[in-house]
Amino acid sequence: MVSSLPKESQAELQLFQNEINAANPSDFLQFSANYFNKRLEQQRAFLKAREPEFKAKNIVLFPEPEESFSRPQSAQSQSRSRSSVMFKSPFVNEDPHSNVFKSGFNLDPHEQDTHQQAQEEQQHTREKTSTPPLPMHFNAQRRTSVSGETLQPNNFDDWTPDHYKEKSEQQLQRLEKSIRNNFLFNKLDSDSKRLVINCLEEKSVPKGATIIKQGDQGDYFYVVEKGTVDFYVNDNKVNSSGPGSSFGELALMYNSPRAATVVATSDCLLWALDRLTFRKILLGSSFKKRLMYDDLLKSMPVLKSLTTYDRAKLADALDTKIYQPGETIIREGDQGENFYLIEYGAVDVSKKGQGVINKLKDHDYFGEVALLNDLPRQATVTATKRTKVATLGKSGFQRLLGPAVDVLKLNDPTRH
């Protein structure tokens with residue numbers, strides 16, 4: 001989908017990717033929101049500075065908002081509608097200046113604005129009825145802020161997704177393969193990823209139908225099961241794709257205008273996921289992950305100096321891996337990239353010429369020596385029974401362990 005975008009958009013995404021690589025955010029969604037909000041402010045400042053120049057060419061950079069209504073409204077209700085447009089999220093509707101300005105997101109789910117949640121619930125309800133939504137045009141003078149949904153993850157245990165339907169094993173495998181490398185799903189655990197797949201809604205689309213239209217408000221992400229689609233930007237065909245591909249990812253992050261028009265070039269079977277469902281799954285997964293890892297982190301003496309907030313941030317950055325008996329986790333001499341915390345299981349630590357020098361079990365840790373001293377791995381670690389570990393990458397090790405790093409240095413066996 002990225003390759004179907006104009007070069008300017010690809011350049012913007014590359015800048016974003018560079019920021020991600022540099023910051024390695026534990027909360028990707030909030031980092032993204034903050035980043036694009038800043039970029040939008042930069043764009044508005046650029047346009048404002050050049051407003052006289054464009055006025056001289058009869059180009060209106062900051063038009064007054066207009067509205068189209070499917071039914072008459074009173075003056076009072078029209079006033080309310082205008083007010084809502086003026087203060088909506090900057091990512092809701094199409095930006096008419098996308099061709100004028102060319103470019104050269106730490107989230108606490110309990111501290112989000114309720115306004116966007118209400119809007120999303122209303123939109124979700126409208127889609128199930130025959131009454132069409134009221135189209136609103138972009139207003140460039142509105143305040144540039146990003147609203148988030150107020151989603152209470154501790155209430156998710158009783159939540160049932162609207163479109164939940166168990167998929168067959170074959171469907172699960174195909175759909176999992178389709179979303180495996182998508183950056184939005186990389187941090188989901190296997191249970192949450194399976195829930196996402198089972199929440200995908202089947203949609204049949206005939207040949208020639210427009211699936212999404214450039215500039216329209218985006219609420220759905222799509223996976224192509226059967227058929228082929230073409231992508232158009234400004235009426236120019238830029239790409240094609242078929243079974244196993246996906247598009248519309250940005251719609252799951254925020255109300256983003258569609259970057260391209262997608263047309264079915266054959267009869268298609270698609271799977272669709274709406275943004276509200278995805279965000280509930282994502283935040284629910286993060287909340288459960290924090291709860292699960294909090295007990296583990298509190299039980300480890302080396303991490304006792306971390307505050308509750310520090311533990312929460314660390315939990316968000318941890319990944320889980322399972323190793324079977326006899327499987328090598330790290331090998332002596334290899335480059336060290338991860339720090340390991342044993343959730344359960346047992347491992348042997350061995351060195352060449354010395355054999356097994358240590359045995360580790362539940363709530364022990366290893367892999368810190370190479371990261372503390374920027375050295376190759378000093379020993380081989382092998383699972384002796386089924387072992388589940390929480391892993392932390394090198395950048396997260398340096399950023400998130402804080403005062404615990406000093407304790408790790410005191411316990412570093414290479415310094416004794």
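The backbone N, Cα and C atoms fix where each Cβ goes, glycine too.
The 3',5'-cyclic AMP 1 binding site annotation in Swiss-Prot covers 184-301 and is backed by experimental evidence. Summarising the annotation, Swiss-Prot assigns 3',5'-cyclic AMP 2 binding site to 302-416. According to Swiss-Prot, the feature compositional bias 'Low complexity' maps to 70-84. Taken from Swiss-Prot, the feature phosphoserine covers Ser3, Ser68, Ser70, Ser74, Ser77, Ser79, Ser83, Ser130, Ser145 (among others). What Swiss-Prot records for Thr129, Thr144, Thr160 (among others) is phosphothreonine. Here Swiss-Prot flags 8-45 as region 'Dimerization/docking domain (D/D)'. Marked as region 'Disordered' by Swiss-Prot: 65-138. Annotation comment: Swiss-Prot describes 142-146 as motif 'Inhibitor sequence (IS)'.
Annotated features taken from Swiss-Prot, shown on the structure.
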{"residue": "Cys199", "record": "3',5'-cyclic AMP 1 binding site", "DSSP class": "coil"}
{"residue": "Gln214", "record": "3',5'-cyclic AMP 1 binding site", "DSSP class": "coil"}
{"residue": "Val229", "record": "3',5'-cyclic AMP 1 binding site", "DSSP class": "strand"}
{"residue": "Gly244", "record": "3',5'-cyclic AMP 1 binding site", "DSSP class": "coil"}
{"residue": "Asp274", "record": "3',5'-cyclic AMP 1 binding site", "DSSP class": "strand"}
{"residue": "Val302", "record": "3',5'-cyclic AMP 2 binding site", "DSSP class": "helix"}
{"residue": "Val347", "record": "3',5'-cyclic AMP 2 binding site", "DSSP class": "strand"}
{"residue": "Asp362", "record": "3',5'-cyclic AMP 2 binding site", "DSSP class": "coil"}
{"residue": "Arg377", "record": "3',5'-cyclic AMP 2 binding site", "DSSP class": "coil"}
{"residue": "Leu392", "record": "3',5'-cyclic AMP 2 binding site", "DSSP class": "strand"}
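Here the binding-site residues are Val229, Ala259, Val302, Ala317, Val347, and the one ringed by the most other CB atoms within 10 angstroms is Val347.
Averaged across the region 'Dimerization/docking domain (D/D)' (8-45), pLDDT for the predicted model comes to 77. Ranked by CA distance from Val229 (3',5'-cyclic AMP 1 binding site), the binding-site residues Val302, Ala317, Asp362, Leu392 have Ala317 at the top as the closest. Cβ neighbour count for Arg377 (3',5'-cyclic AMP 2 binding site) (all protein chains, 10 Å cutoff from its Cβ): 18.
Neighbour list (Gln214 (3',5'-cyclic AMP 1 binding site), Cβ cut-off 8 Å, at least 6 residues apart, same chain): Tyr232, Val233, Asn234, Pro257, Arg258, Ala259, Ala260, Thr261. Taking all protein chains in view, 21 other C-beta atoms sit within 10 angstroms of the C-beta of Cys199 (3',5'-cyclic AMP 1 binding site). Here the Cβ of Glu332 (3',5'-cyclic AMP 2 binding site) has 15 other Cβ atoms within 10 Å, regardless of which shown protein chain they belong to.
Burial estimate for the binding-site residues (Asp274, Asp362): highest at Asp274, by number of other CB atoms within 10 Å. The binding-site residues considered are Gly244, Leu392; of these, Gly244 has the fewest other C-beta atoms within 10 angstroms of its C-beta.
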